[in-house]
Amino acid sequence: MAKRDFYEVLGLSKTADEKEIKRAYKRLAMKYHPDRNQGDKDSESKFKEIKEAYEVLSDPQKRAAYDQYGHAAFEQGGFGGQGGGGFGGADFSDIFGDVFGDIFGGGRRQQRAARGSDLQYNMDLTLEEAVRGITKEIRIPTLETCDKCHGSGAKEGTSAETCSTCHGAGQVHLRQGFFTVQQPCPTCHGRGKVIKEPCSKCHGDGRVERYKTLSVKIPAGVDTGDRIRLSGEGEAGEQGAPAGDLYVQVHVRQHHIFERDGNNLYCEVPINFAVAALGGEIEVPTLDGRVKLKIPAETQTGKMFRMKGKGVKSVRSHGVGDLMCRVVVETPVKLNEKQKQLMEQLGESFGGKGGEKNTPRSKSFLDGVKKFFDDLTK
């Protein structure tokens, strides 16, 4: 048979104070006491029910547990009940943590109002912005401290009061078999204080939703994957607790000329046939402007030239990377008649006596092909 609600047994509401509980118990105990109702089994049963209800509701800790868990708080040995050493439906992690805390003199401290959440903002940068550094304004949605209650969560002119259940401790003690354990107070949720008259603007939270604008200084040399932390610029904490942090996640967009690898920059520089063969001087782009690059004679496609200190300044040290220029020899197109004649003359000169000296890689390749086919026919 299911047990009746203890408040119902004593004819009380759940907001009844200690005096009302004691008064109700005395009145009902006198009415159903076995000495006044000898032989009446029904009165005896009711008296036991009244006594059990009073033992729980007159004890602040037991009452708090009953308000949170109901009769389950006292089943299987909870609060020293006879029989096994069960935990009455309470959370195992809380129980074991608090048992060992009590044994070794620790125990849980009063929970503080929750710190504000951290926020993340994804910021896209051009390569130039990332290399040189920049200050950017961002606008983010967040929770800020309520300006009406100044973060307290309480109505103007009032303040949070000490919790009457745990008397400000934030914890209630429960007896589990041979052990006394602690659990967060069900009334104040471990904070030790309750807000009876909440602020009309934030409804007791101490925070309100709004957008805020921030200036973020991006240091020179950042790269994709870098993260910048702005301490205290996250969401405001509950009821005056510390704010979280804001993390700006950097992403550098792809550049149409340069590729970045660490602190070095890479680019491809096309050169014409004549410059590659005879050598010369060309202009190449850098992030600081145009610079001259000397191309030696007989330069082949793929040749890499290093320009010291023309890369990216390291964000973590004083070092500066290099600019690596890979030349690509470009085949001439849209030749006029005179140019075609000159190219034909040049080609004939390559095919004549001693022409293999002008194109050693071609000769080496053709010799290799000839040997390959000769080996196949053997």
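Just so it is clear, glycine is given a Cβ too, placed from its N, Cα and C backbone atoms.
Under the DSSP three-state reduction, CYS149 (Zn(2+) 1 binding site) is assigned to coil, being neither helix nor strand. Around CYS149 (Zn(2+) 1 binding site), taking its Cβ as the centre, 26 other Cβ atoms fall within 10 Å, counting all chains. Look at Swiss-Prot and you will find CYS146, CYS149, CYS199, CYS202 tagged as Zn(2+) 1 binding site.
DSSP assigns CYS166 (Zn(2+) 2 binding site) to coil, not to a helix or a strand. For CYS166 (Zn(2+) 2 binding site), the number of other Cβ atoms no farther than 10 Å from its own Cβ, over all displayed protein chains, is 26. Under the heading Zn(2+) 2 binding site, Swiss-Prot lists CYS163, CYS166, CYS185, CYS188, citing sequence analysis as support.
Annotated domain 'J' per Swiss-Prot: 5-70, in sequence order, evidence recorded as sequence analysis.
Swiss-Prot lists 146-153 (among others) with the feature repeat 'CXXCXGXG motif'. The average per-residue pLDDT of the prediction over the repeat 'CXXCXGXG motif' (146-153) is 90, rounded to a whole number.
According to Swiss-Prot, the repeat 'CXXCXGXG motif' annotation covers 163-170 (among others).
The repeat 'CXXCXGXG motif' annotation in Swiss-Prot covers 185-192 (among others).
Taken from Swiss-Prot, the feature repeat 'CXXCXGXG motif' covers 199-206 (among others). Sequence-distant contacts of the repeat 'CXXCXGXG motif' (199-206) (same chain, six or more residues past either end, CB-CB distance under 8 Å): 113, 145-149, 151-156, 236-240.
The feature zinc finger is assigned by Swiss-Prot to 133-211.
Same-chain residues lying 6+ beyond the ends of the repeat 'CXXCXGXG motif' (163-170) with a Cβ under 8 Å from its Cβ atoms: 60, 63-64, 109-111, 184-188, 190-194. Remote same-chain residues near the repeat 'CXXCXGXG motif' (146-153) are listed as 159-160, 195, 198-202, 204-208, 236-240 (criterion: CB distance under 8 Å, separation of at least six residues from the stretch ends).
Counting residue by residue with DSSP, the repeat 'CXXCXGXG motif' (185-192) contains 0 helix, 0 strand, 8 coil. Local packing around the Cβ, expressed as the count of other Cβ atoms within 10 angstroms, is greatest for CYS185 among the binding-site residues CYS185, CYS199.
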